[in-house]
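Written below as structure tokens is the structure these notes are about.
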Amino acid sequence: MRNETIVAQVTCPGKSAVGILRISGFQTKIVAIKILGKIPLARFATYSNFLDENNEILDKGISLWFPAPHSLTGEDVLELQGHGSPLIMDLLIRRILSINNIRMAKPGEFSERAFLNGKMDLIQAESIDDLINSETELSARASLNSLQGKFSFFIKELMNLIIEFRINIESNIDFSEEEININMQDIINIKFRELHDKFLKLKATVLKGSLLREGKKIVIAGLPNSGKSSLLNILSYSDRAIVTDIPGTTRDLLYEDISINGVRCELIDTAGLRDTDDKVERIGIMRAWEMIRKSDHVLFVIDKTLSKSKQKKICDDFMKNILNNKTQVTFVLNKNDLIKDEFGIKEIDGTAFISISARTGEGVNILREHIIKIEKNINNESVFIARRRHIKQLDLAYDEFLTAENTWRESENIELLAESLSIISKFLGEIIGQCTSEDLLNHIFSSFCIGK
């Protein structure tokens, strides 16, 4: 790859005011000479003629020359900014490809070269794609934080503490267990406490960053005809779900994306939970339970016109079914307008009960404010964007850390501790790309836009 020069259109295909081409690689100087007639002044915008193979003008525009290593990719880079005609862009690309050893760039290849040439770490490279695909202001700001290296800083800080820990204990590795003095044992115990706190804080922040990227799954569940579909419609300001008086109308999962307090949330309407002989409806109910167990938050809708004892039984039965699940539950007491009770929120044993009318909209703003209150900790300028692979690697590192801590308590074996710390460093290093397989890189960068 390093011996090939690549070209791609940076701007979106189609007609536009401006079209930009980017070229990177060792042949870029030759491209500049053949297309521009010269190598432009480095890092200056130069008004240039773009020439074809007969030195006739194809277009006029701005050329930008970035000689290696001070460029996006760390290689020689040339950008041509011309008129955004698809025909002009195509003619320029064909002209550039006619030069030897030049090919079209693969998706994300410019960013991949930047990573491989040490211009950015893997987190920063991934955050470029996350910034482009951001759907809320908060996720865009978090992506920018990652691009600027804030996430990487915390990973490297933790890695440096691990390395420092290893250096301290490996200096004692040639001594017997009897010779390990009390002072060293105290140092190790202090280091364990320090690292434990660092891991927990970082894991909490990374989880917030993951929610910004992946979105939060909010499942709307309940018995048939409780008003689940009406709640989906009013929360999403749409008529996404069909609403009827017939029980079992909703049989499959209905998805609707909304933004709450800058966090992307996926609302999921589910089939009414009940015993039924209908085979198709039973499948829908099974899917509903599966989604409930996978969700971050359940809005469990209850028909408030039912008796108090019936409402309590419904709540108790549902909580028993998800007893071992960490999913957060809010009980939404719907049809409050029919009994003319007060609208509002009550908390019982830490669980919220909110009275609303999905038909009239009364009380729904209280529900929205409740959801916003739950998400408020995510709305923090210090949050950075995070991916599932980051969480996985951090979990692996933390699990190994807990294993190391337990093993040390039991055996006080310096060699085993040093080996565990080495494994932890490897897991953390994979997050920023210090130890990364080619398959992983291909998987990450193949999802990028062409031209990035």
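Each residue, glycine too, has its Cβ placed from N, Cα and C.
For Arg22, Glu79, Lys119, Lys452, the entry in Swiss-Prot reads (6S)-5-formyl-5,6,7,8-tetrahydrofolate binding site. Listed in sequence order, Leu72, Thr73, Gly74 are the same-chain residues six or more apart from Lys119 ((6S)-5-formyl-5,6,7,8-tetrahydrofolate binding site) with CB atoms under 8 A from its CB.
Sequence annotations record features per position, and here Swiss-Prot assigns GTP binding site to 225-230, 244-250, 269-272, 357-359.
Swiss-Prot lists Asn225, Thr244, Ile246, Thr249 with the feature K(+) binding site, giving sequence analysis as the kind of evidence. In the three-state DSSP assignment, the secondary structure recorded for Asn225 (GTP binding site) is coil.
Positions annotated as Mg(2+) binding site by Swiss-Prot, on the basis of sequence analysis: Ser229, Thr250.
Annotation comment: Swiss-Prot describes 215-376 as domain 'TrmE-type G'.
Compared over the binding-site residues Arg22, Lys228, Lys452, the count of CB atoms lying within 10 A of a residue's CB peaks at Lys228. Around the Cβ of Ala271 (GTP binding site), the number of neighbouring Cβ atoms within 10 Å comes to 27. Other residues of the chain with a Cβ within 8 Å of the Cβ centroid of Arg22, Glu79, Lys119, Lys452, the (6S)-5-formyl-5,6,7,8-tetrahydrofolate site, are Val10, Ser24, Ser71, Leu72, Thr73, Val77, Phe110, Ser111, Ala114, Gly451. On the backbone, the CA of Lys452 ((6S)-5-formyl-5,6,7,8-tetrahydrofolate binding site) and the CA of Ser229 (Mg(2+) binding site) stand 41 Å apart.
Mean pLDDT across the domain 'TrmE-type G' (215-376) comes to 85 in this model.
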